[in-house]
Every structure is written in structure tokens, then in C-alpha cells.
């Protein structure tokens, strides 16, 4: 990542303002409340604009552009509007109107965002105000095209916890009871030579040598060999992930790959067959043969059962989300809402992903069969299926820390292409690699949390802040496509982790109804009747759609929890004071208060 200082546009910097205060989230604010700033964030320019609000019409305001955000504050006395948009959220910037435009507010900029909203600003035609704002926004929203660093490498925030220590692969596998006499940890990929998109540490069958792994890698797309993701604590069945076999049109076979899958199958003595879930529709899997890919045939893999899960590819998901945006922003058409939502097929895709994950979880838990999961390259649909199945099977992943580990492990370390799918700092908004695969996963988690309201330690805000910073480029957590790229860029040394922000203020993200249950398997109902559009995420920018507020019972429960904590604190203070009095030598007959025993509480 090239590093460069801020450019000539620094002339409007607010650095000379001497009086600042720091809010609880670490954001510096000057006393005039002009614009919030993070440590390392600098103001580039500010301009007077007309914000074309799709809900309330034109609003006169001042827009501030920093190296991290676009911040608009209304200048009108009857409007308190504020827009706070991280530049990483911006997907496209276009000029609207030309030199001959005569319509009111017809000359300015159109900004398309990745988080389901668009922005439109009208500017004066004289003084090159549009050109200046366009160039500055383009430069800092798409820094990779201008040899500038992503803001995460400039962010100087400090937190009292280090989110980079959340996930340690050795500790996580040890929690699962690994290694054991069937599975071993290998460092064959420590320099990312076996597979450059896999993590350095892998768990593989004990009976498979490193040379076996190298031979298997030649027959799997991108060298992404079958490796263990999760082992059942009781029946010892496993979830294994990989990419498609390189069968091709001629139906090539690889004895090493076939033997390797047999070794995986033999780690489980309860069932005679290994279950393979191919996430793709069968027609797509067949079509992949033309490009050298394919699937495990019955002829070659006698001891395996293959099932196709009919989950569509990244291009279908991208178009589906575009249709969702069309119906939720800026206006929601009530009269045709249900038919419009159905036409997007978004919930249908959510249903298919959840259904596939349920099959994986059920086969492992109830069917007592080990499972191998793959799609084409094993970093999109595969990650969705393994992580959701693990969330259903393992209650640890339903805690805040456990979910962070799940994301770090199954998505980040195993090479989901965040940079390509999100387009961090990249101006090529038409890139065919863009796709909302991780958003879809988080949506599935939200659907599960609605069906099991006491099963998850985290609340909806936890999921939303993860999605917001998926785009923001404020943290290093989701940057780059794989672990090897993050190592080269020293991401853990040079950037801050999103988990640092979350774990320094966990109470904000806790579900008050959470009940910790060990070994409870969740089987959500993946029917269209039980799935719903996540209004608080997809339609949150529309002020006419009332946000779903916590119900009175939840609010009262949270108040009681706060009251309990306050009473416990007071009680501890009284006990400390009483202990101090009892330890002092009495100078007079004991008073009733000195004789008071420690009070026990049922809280």
C-alpha cells in the first residue's frame, strides 16, 4: 500500500482551531461542533452546497470533506439535518448538469453509496466549485487510484482493548479439542506457498502427510484443499471446506484427491459415506467443467454422497441487491410492496443460503456424518454455509467474542475476497467482482436472531456496526482479499481492529435477553413465511419509515439491569467501608453499624 501525505487541498484545514474535546467514541470535536474528527483525520475542504434531500427537498448546508468522511450540516434554522458519510461507503461520483443547465439545483454531484443510499448536491456554476469538490471527493473516496493510503493506515485511534488478539487459531482449535488422534495442525502453508489464499495454519487428517497435501492441491481450484473448519464435540464428525475439483470436460480423476477424501471419511466410524454439499445449482457445476472445474462424480468418489444446494453466484446476488435498493430508496411504494419485494428475489436467496446451512448442521449433528462443503473457489458460498452451520451448532459462536472469532476464522483468514467484493478505495464501480456475499451472511444471522431472541449475546446494532465498517475503511479488519496480503501490508501492526471499538464498549452491543446455553443446536425455519426484510438496515435512511424501537418489556428489562448494577456497586462500597471499620481497633463500644454483617443479594 503506497503511503502519501495529504495534498494541496489541505489549505482549508481546521488544524489551527485550538480548543477541542473528545467524545466517548474517541472522536475529536471542536467547540463549534463544525465536524467530528478521528485521531489522524484531517479536514481537506468545506463548501456551501444545496443538499437535494429526497424526502424534504433542497436544504442549504455546508459540506466538510476530510480524508475519512463527507460531513454535511444544515445552515437552515428550521432544519437540524446532519449527514455523516465515510468516504469508503461511496461507490460512484457523477457530475449532474452541464454549463448550460438552467433548472434550479440542476448543476452538481450525484453520489451513489454502498449502504443503500444516494446523495445529491447542487453547487454554484461559477468558481469551479463543482470541479474542486469532484476532484477532492474522487481523490479521497478512491485513494488506490491516486497512490494514497486507505484511511485505516492513517487512523490513530486508541482503545483499551486490542481487537487483533481476539482470534488465535491455535487457541480456537484447542477449544474444539484439536489436535487429536485423527486430526493434526500443519504449518505447511506458513509462507503461503501451498495456497496463497488460505491461512498459514491448517487442520488436516493425521494420516495425510504434507506431501499428500501438495498432490491434492494440484487437483483443487486455487490449491484450496479440503481442511477442517469445525469438529463436533461429542460425535467427532467434522465440517471440512475446500474448492471444486479440477475435473474438466474430460472427467479427469486424481487418485490422491480420492484417497484424501476417503481418509477424511474414515475419521468418522459412525457412517460409511462422506457427505459432499456443493453450494451451486447443478447446472452451474456442470457448466464449470468447461473452464476446468466440476464436481465429485459417483464413479470417482464411491464413498461419498453429493448434494447440490442451488445457491446462485455472485452476479445474481449483486443484481438482486440492486433491485432491493430500487424499492427501498428513496421511496417505498406501499401499494405494491409485497410484489416488489418478491421481484427482487432477495429473501429467496436468503432462504436458500439458510436452507443449505441447516442441511449441513443437521447432517453433522443428527445424521452423524462428516461433511465437505465447496462452491467454485470456496471463498463465497462456502464461507456462508460453513459459518452459518457452525453458528447453529456451536453456542460459543453466538457470543460477541465467539462471533468475532467466527468472522475472523471462516471469512477473513480463509480468504473471502473482501477487497474485490466491496471495492475498498477502488473507483471501478462496475467491477464484476463486486457482490454482497458478506452482507447476505449477516442478514442470515439477523434472521436467526429474530427466530431465537435469547440465543445470541449480541444485538442488532452489533450486526449493523459490522456492516457499516465493512465499507468505511476506518479499520483494517476487512481490508484485502486474503491473509497473505494482510501480512505483506502489516495490517495488524499498522491499523486498528474493528473488534477494538466493539469490545471497548460491549454493553452497547449486548442483547439483554441473552441466555447462555451450552450445546443447544439452532434450526431456524427457512420458509418464506418466517423470513422478512431487515427494515432497520435496508430502510434506515428513510425518515418516513419509523425505525423499529425496542419493545417496552425490553426497555424495562434494561432499566432493571442498570438498577441492579447500581445496587451491587453501592453494596460493595458499603461492605468495603464496613470492613475498614471492623479492621480498625475499637475505641468505643461497637455501634450497630459496626456489627452489621455482609449483606447477601439475590441480584
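Glycine too: its Cβ is placed from the backbone N, Cα and C atoms.
According to Swiss-Prot, the protein carries these features:
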| type | residues | note |
| --- | --- | --- |
| ACT_SITE | 375 | active site, phosphocysteine intermediate |
| COMPBIAS | 1-13 | compositional bias 'Polar residues' |
| COMPBIAS | 14-25 | compositional bias 'Basic and acidic residues' |
| DOMAIN | 163-538 | domain 'Myotubularin phosphatase' |
| MOD_RES | 13 | phosphoserine |
| MOD_RES | 18 | phosphoserine |
| MOD_RES | 495 | phosphothreonine |
| MOD_RES | 588 | phosphoserine |
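You'll find the Cα of residue 495 (phosphothreonine) roughly 32 Å from the Cα of residue 375 (active site, phosphocysteine intermediate). Within its own chain, residue 375 (active site, phosphocysteine intermediate) has 243, 244, 278, 279, 280, 311, 381, 382 as residues 6 or more apart in sequence whose C-beta sits under 8 angstroms from its own. In the three-state DSSP scheme, the residue listed as 'active site, phosphocysteine intermediate' is classed as coil. In the three-state DSSP scheme, residue 495 (phosphothreonine) is classed as coil.
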